[in-house]
Amino acid sequence: MNRIEQTFALARERYAECGVNADAALRRLAAIPLSIHAWQGDDVTGFENTGHTLTGGCQVTGNYPGRARNAGELRADLDVALKLIPGRHRVGLQGHQVDRMLPGVDRDGFTLEHFSGWLEWAKGKGIGLDLAPAFYSHPLLDHGFSLSHPDPGIRRFWIDHGRACRRIGAEFGRVLGTPAVCNFWAPDGFKDTPADRFGFRLRLRDALDACFEEPFAPELERDAVESKLFGIGTESCTVGSNDFYLLYAAQRHKMPCFDSGHFHPTESVADKLPAVFSLIDEVLLHISRGVHWDSDHVTVLNDELLSIAREAVAYGYQDKVHFALDYFDASINRVAAWVIGARDFQKALLVALLEPPAAREAEARWDFTARLAAQEEARSLPWGAVWEYFCLTNDVPAGLGFLDEIRIYEKQVLEVRK
Ligand SMILES: C[C@H](O)[C@H](O)[C@@H](O)C(=O)CO
Ligand SMILES: [Mn+2]
């Protein structure tokens, strides 16, 4: 046995002493796909080559060399990242990350032809694809409004873009054999105090209803709606607030999407999961990290990530949670950003899957002293040895070895992109 196998054998024994089957935890972790967000690789730019800047209240900072300039380069970068993230995952696309543009066709007329390269690539890799409409970075995001805009013509453009993405997503689902998650996030909102919070929400409601009018089998396509607390330039009011979308999702049988950067800094996304799952069957998580605001930092293994992962798996409904990454950092190697963030969330999931029963047993007998002691002692259990074994058995480097491969790719490919 090599060192990793030896330390895993000892860790397996230690966990068994705590009533945990480490092999079973590894099997459950391997069964959890993450949706790797393609937009970390192109700085949410898209490939329409229209020169649209990033709008919609998001911001990407940094200018690290090597941003993907087209779908082919983005797929090549994702190929490298996916080889360094243990397990089998999915890839999430934005509605403007097209393979090609067609003469006279704008986002409201996109079809599978605009994403055919992505479909062939995903089919070849045996992975699923998710597709989110891009309701931003376009001249028709007028005064910052899309689906809730007062002008019916502008609303129609964005509704048709949303409808087009769902159709393309359903095709992805049909060909790839796994439903595409189509996440609807509209940046609509107000920099300063609005005079009409209600009319915009009524229009958003009706526009979403129009987007979702065409039924698709759940085996092909799933709809999610993503709330947000504020954006840059929409500090005073977002039309798609959490109150709006939570009720919309419940009434219209859609998935609420909780983005961990979209709530007040002291608000717990982790606690929302068991609350929502008492009444809603399925959710989408956007795993991100806000530093002071929705800054979309690369996820790190902090208490918030650990608690989100724990609440997502603690009650056995993890197959009803769609785990998607959502952050964009252009100040570091973009491939490394995918790999570090994805591996970190997998570590958080593993810690949760390895959680001993002692804390829950103590709580069941109202012994909160033993509960706290058990929760804190669990922190020092040898989950790292189990993680390294997970990397080994999935043929990816444990420890920092993944960075060596990224550095080689950086030298050979990223640095020569000008
Ligand atoms: C690019 C995505 O649509 C975007 O990140 C959205 O999910 C979001 O979180 C906006 O703040
Ligand atoms: Mn998000």
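Yeah, the Cβs are placed from backbone N, Cα and C, and that goes for glycine too.
The Mn(2+) binding site annotation in TrEMBL covers His262, Asp294, Asp296. Secondary structure at His262 (Mn(2+) binding site), as computed by DSSP, is coil. Taking a C-beta cut-off of under 8 angstroms and a sequence separation of 6 or more, His262 (Mn(2+) binding site) has the following same-chain neighbours: Glu226, Ser227, Lys228, Leu229, Asn242, His286, Asp294.
Long-range Cβ proximity for Asp296 (Mn(2+) binding site), meaning a same-chain Cβ under 8 A and a gap of 6 or more residues, is found for Cys58, Gln59, Val60, Gly261, Ser288, Arg289, Gly290, Asp326, Tyr327, Phe328, Asp329. Annotation note: Asp294 (Mn(2+) binding site) sits in a coil segment as assigned by DSSP.
Same-chain residues with CB within 8 A of the center of the His262, Asp294, Asp296 CB atoms, the Mn(2+) site residues themselves not counted, are Cys58, Lys228, Asp259, Ser260, Gly261, Ser288, Gly290, Trp293, Ser295, Asp326. Counting Cβ atoms from all protein chains shown, Asp294 (Mn(2+) binding site) has 25 others lying within 10 Å of its own Cβ.
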